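The structure appears below as C-alpha coordinates.
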Amino acid sequence: MTSAQLDFSRIDLRGQAPTTAELRHRLPRGGTDVDSVIPTVAPIVDQVREGGARAALEIGQRFDGVTPDSVRVPAEVIDAAVGTLADDVIAALEEAIKRVRAFHSAIRPEDKQVEVAPGGIVTERFIPVQRVGLYAPGGNAVYPSSVIMNVVPAQEAGVESLVVASPPQEGGWPHPTVLAACKLLGVDEVWAVGGAQAVALLAHGSTAEGGEELEPVDMVTGPGNIFVTAAKRLCRSVVGIDSEAGPTEIAVLADESANAVEIAYDLISQAEHDTMAASVLITDSEKLADEVVAEMNERYHITENSERVAEALSGQQSGVVLVDDIAAGIRAANAYGAEHLEIHTEDAHGVAAQITNAGAIFIGRFSPVPLGDYAAGSNHVLPTSGTARHSSGLSTLTFLKSVHVIDYNEEGLRGVADTVITLSKSEGLPAHGEAISARTSTANTNGTEV
(Lines of atoms letter the chains of each structure in order from A; the text may use other names.)
(Lines give C-alpha, C1' and ligand atoms only; values in the text may rest on other atoms or scores of the structure.)
Protein backbone atom coordinates (compact mmCIF):
# COMPACT_ATOMS: atom_id res chain seq x y z
CA MET A 1 0.00 0.00 0.00
CA THR A 2 1.44 3.39 -1.07
CA SER A 3 1.57 6.04 1.65
CA ALA A 4 0.28 9.55 1.06
CA GLN A 5 2.75 11.96 -0.50
CA LEU A 6 4.02 14.84 1.61
CA ASP A 7 2.75 18.30 0.76
CA PHE A 8 6.27 19.75 1.00
CA SER A 9 5.89 23.27 -0.37
CA ARG A 10 8.22 24.85 -2.93
CA ILE A 11 9.20 28.51 -3.16
CA ASP A 12 11.07 29.47 -6.33
CA LEU A 13 13.22 32.60 -5.93
CA ARG A 14 15.28 32.02 -9.07
CA GLY A 15 15.60 34.97 -11.42
CA GLN A 16 14.62 37.35 -8.63
CA ALA A 17 16.53 39.61 -6.27
CA PRO A 18 14.33 39.83 -3.19
CA THR A 19 15.20 42.28 -0.45
CA THR A 20 15.78 41.10 3.10
CA ALA A 21 12.27 42.24 4.02
CA GLU A 22 10.80 40.31 1.08
CA LEU A 23 12.78 37.21 2.01
CA ARG A 24 11.52 37.30 5.58
CA HIS A 25 7.97 37.53 4.25
CA ARG A 26 8.27 34.78 1.64
CA LEU A 27 10.41 32.15 3.36
CA PRO A 28 8.54 29.31 5.11
CA ARG A 29 7.70 30.21 8.67
CA GLY A 30 5.10 28.87 11.06
CA GLY A 31 3.16 31.00 13.44
CA THR A 32 3.32 30.65 17.21
CA ASP A 33 0.91 33.13 18.72
CA VAL A 34 1.96 33.36 22.36
CA ASP A 35 -0.44 36.27 22.85
CA SER A 36 -3.37 33.94 22.14
CA VAL A 37 -2.76 31.89 25.29
CA ILE A 38 -1.97 34.78 27.64
CA PRO A 39 -5.63 34.95 28.82
CA THR A 40 -5.35 31.26 29.78
CA VAL A 41 -1.92 31.47 31.39
CA ALA A 42 -2.25 34.77 33.28
CA PRO A 43 -4.79 33.36 35.80
CA ILE A 44 -2.50 30.36 36.39
CA VAL A 45 0.44 32.64 37.17
CA ASP A 46 -1.76 34.74 39.47
CA GLN A 47 -3.08 31.67 41.28
CA VAL A 48 0.41 30.32 41.92
CA ARG A 49 1.70 33.72 43.02
CA GLU A 50 -1.11 33.91 45.57
CA GLY A 51 -1.55 30.23 46.46
CA GLY A 52 1.98 28.91 46.09
CA ALA A 53 2.73 25.19 45.97
CA ARG A 54 -0.81 24.10 46.80
CA ALA A 55 -2.19 26.08 43.86
CA ALA A 56 0.48 24.68 41.53
CA LEU A 57 -0.41 21.11 42.50
CA GLU A 58 -4.13 21.74 42.10
CA ILE A 59 -3.56 23.15 38.62
CA GLY A 60 -1.42 20.15 37.71
CA GLN A 61 -4.16 17.79 38.85
CA ARG A 62 -6.73 19.70 36.81
CA PHE A 63 -4.72 19.61 33.58
CA ASP A 64 -2.72 16.39 33.86
CA GLY A 65 -4.64 14.28 36.35
CA VAL A 66 -1.54 13.69 38.49
CA THR A 67 -0.70 14.95 41.98
CA PRO A 68 2.71 14.08 43.49
CA ASP A 69 3.03 13.40 47.20
CA SER A 70 5.14 16.55 47.49
CA VAL A 71 6.50 19.25 45.22
CA ARG A 72 10.10 18.42 46.06
CA VAL A 73 11.12 14.98 44.86
CA PRO A 74 12.64 12.95 47.74
CA ALA A 75 16.34 12.17 47.50
CA GLU A 76 15.71 8.43 47.55
CA VAL A 77 13.46 8.72 44.48
CA ILE A 78 16.18 10.59 42.59
CA ASP A 79 18.80 8.05 43.68
CA ALA A 80 16.64 5.09 42.65
CA ALA A 81 16.00 6.51 39.18
CA VAL A 82 19.49 5.65 37.95
CA GLY A 83 18.80 1.98 38.65
CA THR A 84 15.83 2.01 36.26
CA LEU A 85 18.01 2.81 33.26
CA ALA A 86 19.85 0.38 31.03
CA ASP A 87 23.62 0.50 31.24
CA ASP A 88 23.94 1.83 27.70
CA VAL A 89 21.60 4.73 28.46
CA ILE A 90 23.61 5.65 31.56
CA ALA A 91 26.83 5.47 29.54
CA ALA A 92 25.30 7.66 26.82
CA LEU A 93 24.17 10.27 29.35
CA GLU A 94 27.62 10.30 30.96
CA GLU A 95 29.33 10.74 27.59
CA ALA A 96 27.00 13.59 26.65
CA ILE A 97 27.63 15.28 30.01
CA LYS A 98 31.39 14.95 29.53
CA ARG A 99 31.34 16.56 26.09
CA VAL A 100 28.96 19.37 27.00
CA ARG A 101 30.98 20.10 30.14
CA ALA A 102 34.28 20.16 28.23
CA PHE A 103 33.01 22.83 25.86
CA HIS A 104 31.08 24.97 28.34
CA SER A 105 33.95 24.95 30.83
CA ALA A 106 36.37 26.16 28.17
CA ILE A 107 34.22 29.11 27.08
CA ARG A 108 33.79 30.67 30.53
CA PRO A 109 35.27 34.17 30.16
CA GLU A 110 37.94 35.51 32.47
CA ASP A 111 37.65 38.85 34.26
CA LYS A 112 39.38 41.61 32.30
CA GLN A 113 41.13 44.64 33.84
CA VAL A 114 41.93 47.65 31.64
CA GLU A 115 43.88 50.78 32.58
CA VAL A 116 42.09 53.25 30.32
CA ALA A 117 44.36 56.10 31.46
CA PRO A 118 46.97 56.64 34.20
CA GLY A 119 45.17 56.15 37.51
CA GLY A 120 41.96 54.96 35.86
CA ILE A 121 41.15 51.25 35.95
CA VAL A 122 37.95 49.58 34.75
CA THR A 123 37.43 45.86 35.30
CA GLU A 124 34.80 43.63 33.75
CA ARG A 125 33.80 40.96 36.26
CA PHE A 126 31.69 37.94 35.39
CA ILE A 127 29.45 37.05 38.32
CA PRO A 128 27.17 33.98 38.21
CA VAL A 129 23.44 34.26 38.78
CA GLN A 130 22.86 33.02 42.33
CA ARG A 131 19.85 30.70 41.91
CA VAL A 132 18.45 29.26 38.69
CA GLY A 133 15.35 27.24 37.87
CA LEU A 134 15.74 24.85 34.95
CA TYR A 135 12.64 23.52 33.22
CA ALA A 136 12.65 20.04 31.66
CA PRO A 137 9.43 19.48 29.68
CA GLY A 138 7.26 16.42 29.31
CA GLY A 139 4.97 15.83 26.34
CA ASN A 140 5.73 14.01 23.10
CA ALA A 141 9.13 12.81 24.31
CA VAL A 142 11.24 12.63 27.46
CA TYR A 143 14.14 15.06 27.38
CA PRO A 144 17.00 14.21 29.76
CA SER A 145 19.19 15.89 27.15
CA SER A 146 17.51 19.20 28.01
CA VAL A 147 18.48 18.67 31.64
CA ILE A 148 22.11 18.28 30.56
CA MET A 149 21.99 21.30 28.25
CA ASN A 150 20.61 23.54 30.99
CA VAL A 151 22.40 22.25 34.07
CA VAL A 152 25.96 21.93 32.76
CA PRO A 153 26.37 25.56 31.57
CA ALA A 154 24.89 26.81 34.84
CA GLN A 155 27.32 24.68 36.83
CA GLU A 156 30.28 25.81 34.74
CA ALA A 157 29.24 29.42 35.23
CA GLY A 158 29.39 28.87 39.00
CA VAL A 159 25.68 29.07 39.83
CA GLU A 160 25.42 28.18 43.52
CA SER A 161 21.83 26.91 43.64
CA LEU A 162 20.01 24.91 40.96
CA VAL A 163 16.49 23.48 40.90
CA VAL A 164 15.07 21.40 38.08
CA ALA A 165 11.30 21.41 37.54
CA SER A 166 9.68 18.68 35.45
CA PRO A 167 6.06 17.51 35.21
CA PRO A 168 5.03 14.44 37.21
CA GLN A 169 4.19 11.30 35.26
CA GLU A 170 1.64 8.61 36.11
CA GLY A 171 3.59 7.43 39.14
CA GLY A 172 3.57 10.90 40.66
CA TRP A 173 7.19 11.88 39.99
CA PRO A 174 9.03 13.23 36.94
CA HIS A 175 10.17 10.67 34.41
CA PRO A 176 12.95 8.46 35.84
CA THR A 177 15.25 9.29 32.93
CA VAL A 178 15.00 12.99 33.83
CA LEU A 179 15.61 12.18 37.49
CA ALA A 180 18.56 9.96 36.59
CA ALA A 181 20.11 12.77 34.56
CA CYS A 182 19.74 15.04 37.60
CA LYS A 183 21.47 12.45 39.77
CA LEU A 184 24.35 12.05 37.31
CA LEU A 185 24.74 15.83 37.21
CA GLY A 186 24.71 16.20 41.00
CA VAL A 187 21.40 18.09 41.12
CA ASP A 188 19.57 17.21 44.32
CA GLU A 189 16.67 19.68 44.18
CA VAL A 190 13.94 18.61 41.76
CA TRP A 191 10.34 19.81 41.76
CA ALA A 192 7.54 17.59 40.44
CA VAL A 193 5.61 20.35 38.73
CA GLY A 194 5.23 21.21 35.07
CA GLY A 195 3.67 23.64 32.66
CA ALA A 196 2.98 27.31 33.26
CA GLN A 197 2.48 26.63 36.96
CA ALA A 198 6.09 25.40 37.22
CA VAL A 199 7.44 28.65 35.80
CA ALA A 200 5.26 30.67 38.17
CA LEU A 201 6.31 28.61 41.19
CA LEU A 202 9.99 28.96 40.28
CA ALA A 203 9.55 32.71 39.94
CA HIS A 204 7.60 33.34 43.11
CA GLY A 205 8.54 30.48 45.43
CA SER A 206 6.36 29.14 48.22
CA THR A 207 6.21 27.30 51.48
CA ALA A 208 5.35 23.66 50.84
CA GLU A 209 3.18 21.55 53.08
CA GLY A 210 5.28 20.52 56.03
CA GLY A 211 6.94 23.92 56.17
CA GLU A 212 9.70 23.33 53.63
CA GLU A 213 10.68 26.51 51.81
CA LEU A 214 10.60 26.42 48.03
CA GLU A 215 12.92 29.33 47.40
CA PRO A 216 12.25 31.54 44.37
CA VAL A 217 14.89 31.69 41.66
CA ASP A 218 16.60 34.59 39.93
CA MET A 219 16.37 33.10 36.44
CA VAL A 220 14.28 30.49 34.60
CA THR A 221 15.66 28.63 31.58
CA GLY A 222 14.69 25.65 29.48
CA PRO A 223 12.34 24.75 26.63
CA GLY A 224 8.61 24.16 26.84
CA ASN A 225 5.33 24.43 24.99
CA ILE A 226 3.46 27.64 24.20
CA PHE A 227 1.97 27.78 27.72
CA VAL A 228 5.41 27.58 29.32
CA THR A 229 6.61 30.29 26.95
CA ALA A 230 3.67 32.52 27.89
CA ALA A 231 4.39 32.00 31.59
CA LYS A 232 8.00 33.03 31.02
CA ARG A 233 6.81 36.20 29.34
CA LEU A 234 4.46 36.99 32.22
CA CYS A 235 7.13 36.33 34.87
CA ARG A 236 10.06 38.12 33.23
CA SER A 237 9.54 41.23 35.35
CA VAL A 238 10.20 39.02 38.40
CA VAL A 239 12.93 36.72 37.03
CA GLY A 240 15.30 36.62 34.10
CA ILE A 241 14.56 34.15 31.30
CA ASP A 242 16.68 32.62 28.57
CA SER A 243 14.26 33.14 25.69
CA GLU A 244 10.72 32.66 24.42
CA ALA A 245 11.36 29.51 22.44
CA GLY A 246 9.08 28.42 19.61
CA PRO A 247 8.91 25.07 17.79
CA THR A 248 12.21 23.62 16.63
CA GLU A 249 13.47 24.34 13.12
CA ILE A 250 16.18 23.17 10.74
CA ALA A 251 17.35 24.80 7.54
CA VAL A 252 19.72 23.02 5.18
CA LEU A 253 21.76 25.04 2.69
CA ALA A 254 22.95 22.64 -0.01
CA ASP A 255 24.30 22.45 -3.55
CA GLU A 256 24.35 19.61 -6.08
CA SER A 257 27.28 17.93 -4.27
CA ALA A 258 25.09 17.13 -1.25
CA ASN A 259 23.79 13.69 -0.32
CA ALA A 260 20.00 13.69 -0.76
CA VAL A 261 19.45 10.67 1.47
CA GLU A 262 21.28 12.22 4.42
CA ILE A 263 19.48 15.55 4.02
CA ALA A 264 16.13 13.75 3.96
CA TYR A 265 17.00 11.97 7.20
CA ASP A 266 17.99 15.28 8.81
CA LEU A 267 14.80 17.09 7.77
CA ILE A 268 12.70 14.20 9.07
CA SER A 269 14.64 14.06 12.35
CA GLN A 270 13.62 17.57 13.36
CA ALA A 271 10.05 17.10 12.11
CA GLU A 272 9.50 14.35 14.68
CA HIS A 273 9.79 16.86 17.53
CA ASP A 274 6.50 18.64 16.95
CA THR A 275 3.76 19.04 14.35
CA MET A 276 4.80 22.71 14.19
CA ALA A 277 8.50 21.90 13.66
CA ALA A 278 10.01 23.53 10.58
CA SER A 279 12.20 21.73 8.03
CA VAL A 280 13.51 23.91 5.20
CA LEU A 281 15.85 23.08 2.31
CA ILE A 282 17.57 26.01 0.56
CA THR A 283 19.32 24.94 -2.64
CA ASP A 284 20.43 26.06 -6.09
CA SER A 285 19.88 22.53 -7.44
CA GLU A 286 16.36 21.58 -8.50
CA LYS A 287 17.62 18.04 -9.07
CA LEU A 288 18.76 17.79 -5.44
CA ALA A 289 15.46 19.23 -4.24
CA ASP A 290 13.51 16.60 -6.19
CA GLU A 291 15.73 13.82 -4.84
CA VAL A 292 15.38 14.99 -1.23
CA VAL A 293 11.58 15.20 -1.47
CA ALA A 294 11.47 11.75 -3.06
CA GLU A 295 13.63 10.33 -0.27
CA MET A 296 11.42 11.90 2.41
CA ASN A 297 8.33 10.41 0.77
CA GLU A 298 10.02 7.01 0.82
CA ARG A 299 11.07 7.22 4.46
CA TYR A 300 8.75 9.35 6.57
CA HIS A 301 5.98 6.75 6.87
CA ILE A 302 8.28 4.11 8.38
CA THR A 303 9.49 6.35 11.22
CA GLU A 304 8.05 5.75 14.67
CA ASN A 305 6.44 9.20 14.75
CA SER A 306 5.25 9.20 11.13
CA GLU A 307 1.99 11.09 11.66
CA ARG A 308 3.73 13.89 13.51
CA VAL A 309 6.48 14.00 10.90
CA ALA A 310 4.02 14.13 8.01
CA GLU A 311 2.07 17.00 9.55
CA ALA A 312 5.24 18.99 10.24
CA LEU A 313 6.71 18.45 6.77
CA SER A 314 3.41 19.34 5.10
CA GLY A 315 2.89 22.49 7.15
CA GLN A 316 3.38 26.06 5.97
CA GLN A 317 6.57 26.25 8.04
CA SER A 318 8.37 23.63 5.92
CA GLY A 319 9.45 23.43 2.29
CA VAL A 320 12.08 23.83 -0.43
CA VAL A 321 13.49 27.23 -1.36
CA LEU A 322 15.09 27.34 -4.82
CA VAL A 323 17.74 30.01 -5.41
CA ASP A 324 19.99 30.99 -8.33
CA ASP A 325 23.27 30.17 -6.61
CA ILE A 326 24.81 29.58 -3.20
CA ALA A 327 25.44 33.31 -2.72
CA ALA A 328 21.67 33.81 -2.98
CA GLY A 329 21.23 30.84 -0.66
CA ILE A 330 23.45 32.50 1.93
CA ARG A 331 21.32 35.65 1.75
CA ALA A 332 18.18 33.56 2.19
CA ALA A 333 19.68 31.65 5.13
CA ASN A 334 20.71 34.87 6.85
CA ALA A 335 17.24 36.33 6.32
CA TYR A 336 15.66 33.18 7.73
CA GLY A 337 17.87 32.98 10.84
CA ALA A 338 17.38 29.28 11.53
CA GLU A 339 17.67 27.67 14.93
CA HIS A 340 19.79 24.95 13.30
CA LEU A 341 21.54 25.51 9.96
CA GLU A 342 23.30 22.68 8.15
CA ILE A 343 25.78 23.50 5.37
CA HIS A 344 26.09 20.84 2.64
CA THR A 345 28.14 22.53 -0.09
CA GLU A 346 31.49 21.94 -1.77
CA ASP A 347 33.08 24.75 0.26
CA ALA A 348 31.12 24.21 3.46
CA HIS A 349 33.60 26.03 5.69
CA GLY A 350 33.76 29.02 3.37
CA VAL A 351 29.97 29.21 3.22
CA ALA A 352 29.66 28.84 7.00
CA ALA A 353 31.99 31.81 7.47
CA GLN A 354 29.45 33.97 5.64
CA ILE A 355 26.52 32.99 7.85
CA THR A 356 25.62 35.73 10.31
CA ASN A 357 22.22 34.59 11.53
CA ALA A 358 21.81 31.09 12.94
CA GLY A 359 21.41 29.59 16.39
CA ALA A 360 23.99 26.93 15.56
CA ILE A 361 25.84 26.09 12.34
CA PHE A 362 26.57 22.48 11.38
CA ILE A 363 29.33 22.12 8.79
CA GLY A 364 29.33 19.19 6.38
CA ARG A 365 27.75 15.76 6.26
CA PHE A 366 29.42 14.49 9.43
CA SER A 367 28.02 17.29 11.62
CA PRO A 368 24.25 16.67 11.50
CA VAL A 369 21.81 18.46 13.78
CA PRO A 370 21.01 15.33 15.86
CA LEU A 371 24.67 15.30 16.92
CA GLY A 372 24.18 18.78 18.37
CA ASP A 373 20.89 17.74 19.94
CA TYR A 374 22.71 15.25 22.13
CA ALA A 375 26.46 15.03 22.26
CA ALA A 376 28.46 17.41 20.07
CA GLY A 377 29.37 19.43 23.16
CA SER A 378 27.44 22.45 21.93
CA ASN A 379 24.08 23.46 23.39
CA HIS A 380 20.73 22.56 21.90
CA VAL A 381 18.73 25.34 23.59
CA LEU A 382 18.82 27.79 20.69
CA PRO A 383 16.95 30.85 19.40
CA THR A 384 13.94 30.07 17.19
CA SER A 385 11.45 31.94 15.00
CA GLY A 386 14.12 34.12 13.42
CA THR A 387 15.41 35.46 16.74
CA ALA A 388 18.88 34.15 15.86
CA ARG A 389 19.20 37.48 14.06
CA HIS A 390 19.72 39.12 17.45
CA SER A 391 19.93 36.43 20.13
CA SER A 392 22.25 33.60 21.14
CA GLY A 393 21.75 30.06 22.32
CA LEU A 394 22.07 28.94 25.92
CA SER A 395 25.65 28.72 27.17
CA THR A 396 27.83 29.43 30.16
CA LEU A 397 27.47 33.13 29.32
CA THR A 398 23.71 32.92 29.87
CA PHE A 399 24.26 32.43 33.59
CA LEU A 400 26.89 35.14 34.02
CA LYS A 401 26.31 38.83 34.72
CA SER A 402 28.89 41.23 33.35
CA VAL A 403 29.63 43.89 35.98
CA HIS A 404 31.94 46.85 35.35
CA VAL A 405 34.04 47.88 38.35
CA ILE A 406 35.39 51.45 38.21
CA ASP A 407 38.49 52.19 40.27
CA TYR A 408 40.04 55.66 39.74
CA ASN A 409 42.57 57.36 42.01
CA GLU A 410 42.95 61.12 42.36
CA GLU A 411 45.33 61.37 39.41
CA GLY A 412 42.91 59.47 37.22
CA LEU A 413 39.94 61.63 38.18
CA ARG A 414 41.82 64.90 37.68
CA GLY A 415 42.92 63.73 34.25
CA VAL A 416 39.34 63.44 33.00
CA ALA A 417 37.57 66.00 35.20
CA ASP A 418 37.27 68.72 32.54
CA THR A 419 35.78 66.21 30.08
CA VAL A 420 33.06 65.15 32.51
CA ILE A 421 32.28 68.72 33.57
CA THR A 422 32.00 69.90 29.96
CA LEU A 423 29.78 67.02 28.90
CA SER A 424 27.51 67.34 31.93
CA LYS A 425 26.96 71.05 31.21
CA SER A 426 26.25 70.32 27.53
CA GLU A 427 23.50 67.90 28.57
CA GLY A 428 21.95 70.31 31.06
CA LEU A 429 23.01 68.21 34.05
CA PRO A 430 25.52 70.50 35.79
CA ALA A 431 25.22 68.75 39.16
CA HIS A 432 27.10 65.83 37.63
CA GLY A 433 30.05 68.11 36.91
CA GLU A 434 29.79 69.72 40.34
CA ALA A 435 30.21 66.27 41.92
CA ILE A 436 33.52 66.04 40.07
CA SER A 437 34.60 69.58 40.97
CA ALA A 438 33.93 68.91 44.65
CA ARG A 439 36.72 66.34 44.52
CA THR A 440 39.23 67.99 42.20
CA SER A 441 39.14 71.65 43.20
CA THR A 442 39.31 71.49 47.00
CA ALA A 443 40.24 67.94 48.01
CA ASN A 444 43.59 66.79 49.24
CA THR A 445 44.68 63.18 49.49
CA ASN A 446 42.91 62.81 52.86
CA GLY A 447 39.60 63.96 51.46
CA THR A 448 39.57 67.20 53.53
CA GLU A 449 39.42 70.77 52.26
CA VAL A 450 42.70 72.55 51.54
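The chain as shown is numbered from 1 upward.
A Cβ is built for glycine as well, from the same backbone N, Cα and C atoms used for every other residue.
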Residue in D188, D218, D373, D407 which Swiss-Prot records at the substrate site where T248, Q270, H273, H340, E427, H432 also bind:
D373
Count of other CB atoms lying within 10 Å of the CB belonging to E427 (substrate binding site):
10
Find, among the binding-site residues listed as Q197, N225, T248, the one whose Cβ has the highest number of other Cβ atoms within 10 Å in the structure shown.
Q197
Is it possible to get the count of other C-beta atoms within 10 angstroms of the C-beta of D373 (substrate binding site)?
21
Say we define neighbours as other CB atoms within 10 Å of the CB. Which of the recorded positions H340, H432 has the fewest?
H432
Neighbouring recorded positions, C-alpha within 10 angstroms of T248 (substrate binding site) - of Y135, Q197, N225, E339, H340:
E339, H340
To the nearest whole angstrom, state the Cα distance for the pair N225 (NAD(+) binding site) and H340 (active site, proton acceptor).
19
I'd like the Cβ neighbour count for Y135 (NAD(+) binding site), meaning other Cβ atoms within 10 Å of its Cβ, all protein chains included.
28
